[in-house]
Amino acid sequence: MMAFEQIPKKDWYSILGADPSASVSDLKQKYQKLILMYHPDKQSADAPAGSVEECIQKFIEIDQAWKILGNEETKKEYDLQRHEDDLRNMGPVDARIYLEEMSWNEDDHSFSLSCRCGGKYSVSKDEAEEVTLISCDTCSLIIELLHYC
């Protein structure tokens, strides 16, 4: 599935000091500024050993953050995983639905399902393959999207 499942959960955006809505060029600027600041070659030779090790660890984290957020594909996967984690933290799954049970909307190329509150669950065709949790656009209910094997 996603490469992020093996990596301990880290907020790569906060490591770069960026907002999740930041553009790739903004992320790159923050990365470049931080990577220079924490680069091992830029550290003072007379700095305490613990301080140097902390800088090296921070340098590695900044580099990892950029490798994930600087690549369009891995950034998309990471953002989807963050979104699903946020939904999981909102509460339990209300129902498990197969994609085939949802209605296809040709106008906006999305699948949708009515919620018991009158709102709807919707997911684009592209997202349908990747997301597993969908929130109602009106209330706090969440469904789990299942796929036939």
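Every residue gets a Cβ built from N, Cα and C, even glycine.
Note that the structure is a prediction, hence the values are computed from the model and not measured.
Look at Swiss-Prot and you will find 11-82 tagged as domain 'J', backed by sequence analysis.
The domain 'DPH-type MB' annotation in Swiss-Prot covers 93-148.
Neighbour list (CYS139 (Zn(2+) binding site), Cβ cut-off 8 Å, at least 6 residues apart, same chain): CYS115, CYS117, GLY119. Per Swiss-Prot, the feature Zn(2+) binding site maps to CYS115, CYS117, CYS136, CYS139; the stated evidence is sequence analysis.
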Please determine which of the binding-site residues listed here (CYS115, CYS117, CYS136) has the lowest count of neighbouring CB atoms within 10 Å.
CYS117
Given the recorded Zn(2+) site (CYS115, CYS117, CYS136, CYS139), which additional residues of the same chain have their Cβ within 8 Å of the Cβ centre, ordered by sequence?
ARG116, GLY118, GLY119, LYS120, TYR121, ASP137, THR138, SER140, LEU141
